[in-house]
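Features as listed in TrEMBL:
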- 6-331: domain 'Hcy-binding' (DOMAIN)
- 250, 316, 317: Zn(2+) binding site (BINDING)
Ligand SMILES: [Zn+2]
């Protein structure tokens, strides 16, 4: 494995739009025989059981044009690995680190191939996925944020710290704090990152239940501004050095434009926006994903998202490499028109 392809986030064009990978577990399910949806560790189990499938999944997205990939650590936790894989604490931390290694290995393999074929390759970022506390409860609370009133900021920070430490120690290019259902958790993680991890660049992405509100009921506009103000207080002169963006993920794509407009309505000083929606299907715990026949292709939404200021665009659940390829084409055509 080579490390000479590592890129500092600041080396990327700040005015460019970057394409993120799609739904990792969605694509991973094509490469493994075990069931992923419904497993208490979701896709994270396969860092342990089938690391080559994890690398193959990253490569699928890279070969489809993703410029940002996320470690397969959305649902990884020390407690979860100890409970469900019967690992020790140290082994659990090592497994989180190895998830980053798999992502970096895929990135290095991809960039080596592209460089050999084309003589040049574009930078690819490997970010550590930091899913919400609720994901590890395995009771759906990541989609309602109901734990927000039962826990303190300090408890939330203590939950997130071991995984963040492992991701940072492994040298990720930043963190994707994602699918966060409640403002309290986003503020707790942001506060911790700004104070205790000053070198780490990150994004904060919320899970929203409609075209105005977070899963837990706060408005997206207020939540996004709260995080943006925390970042600006921390870095008055160049807050965008600190944060890739603030946005939404695993939401229905039809909600995104209104969510962004709600933020744009009264503000002129705004963060870069991040969006990686799901396909627009509905998850039913008995039937699985339903409603595929009613979905509009995600790339159809992309021009409007770009018009509203999205600077990182990708996919979440049920968004496949083929979709990422079409999103990338759409972004490319936009950037070539405006250059
Ligand atoms: Zn998702």
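Cβ coordinates are placed from backbone N, Cα and C, and glycine is handled just like the others.
Those TrEMBL annotations? Automatic predictions, nothing curated.
The Cβ neighbour count for residue 250 (Zn(2+) binding site), using a 10 Å radius over every protein chain in view, is 25.
All protein chains shown were included, and the count of other CB atoms within 10 Å of the CB of residue 317 (Zn(2+) binding site) stands at 20. Around residue 316 (Zn(2+) binding site), taking its Cβ as the centre, 28 other Cβ atoms fall within 10 Å, counting all chains.
The record gives 250, 316, 317 for Zn(2+). Within 8 Å of the mean position of their Cβ atoms, the other Cβ atoms in that chain belong to 23, 179, 249, 251, 276, 277, 278, 315, 318, 319.
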